[in-house]
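Novice: There's a structure below that I have some questions on.
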Amino acid sequence: MCLLLGATGVGKTLLLKHYSQLSVRDGTTDLGEPPVTLPTVGTNLTDLTLKKKRVTVRELGGCMSPIWPSYYTDCSSVIVSPEPHPYSV
């Protein structure tokens with residue numbers, strides 16, 4: 001199990017949907033238009049196949065950050081989606 005963590009509104013669901021699109025394509029990297037997403041309330045479980053290996057990703061909504069540590073023992077890896085910098089560079 002892999003955890004996908006990040007603050008509310010940083011794009012965790014969008015990232016996961018893009019990974020899902022890549023896992024079903026056969027070498028194509030064009031993702032087209034961004035898929036429609038809704039804020040995650042609670043958790044989402046998604047199974048991905050990456051390089052012929054099946055991975056279950058548990059996305060935890062940003063509002064659940066106080067209880068993230070309770071999920072650490074059941075995971076083998078963590079993806080952190082950072083908050084974008086609010087200033088233009």
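Cβ atoms are placed via backbone N, Cα and C, with glycine included.
Pulled these features from TrEMBL for this protein:
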BINDING   Gly6, Ala7, Thr8, Gly9, Val10, Gly11, Lys12, Thr13, Gly62  GTP binding site
BINDING   Thr13, Thr40  Mg(2+) binding site
Novice: Val10 (GTP binding site) to Thr40 (Mg(2+) binding site): how many Å between their Cα atoms?
Specialist: 11
Novice: Have a look around Val10 (GTP binding site) and count the other CB atoms within 10 A of its CB, chains all included.
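Specialist: Val10 (GTP binding site) is surrounded by 16 other Cβ atoms within 10 Å.
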Novice: Quick check on the binding-site residues: of Thr8, Thr13, Thr40, whose CB has the lowest count of neighbouring CB atoms inside 10 Å?
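Specialist: The binding-site residues Thr8, Thr13, Thr40 were compared, and Thr8 has the fewest Cβ atoms within 10 Å.
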Novice: For Lys12 (GTP binding site), what is the tally of other C-beta atoms lying within 10 angstroms of its C-beta?
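Specialist: Here the count is 25.
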Novice: Look at each of the binding-site residues, Gly6, Gly62, and point out the one with the fewest other Cβ atoms around it within 10 Å.
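Specialist: Checked Gly6, Gly62; of these binding-site residues, fewest Cβ neighbours within 10 Å: Gly62.
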Novice: Rounded to an integer, what is the Cα-Cα distance in Å between Lys12 (GTP binding site) and Thr40 (Mg(2+) binding site)?
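Specialist: So the Cα of Thr40 (Mg(2+) binding site) lies 9 Å away from that of Lys12 (GTP binding site).
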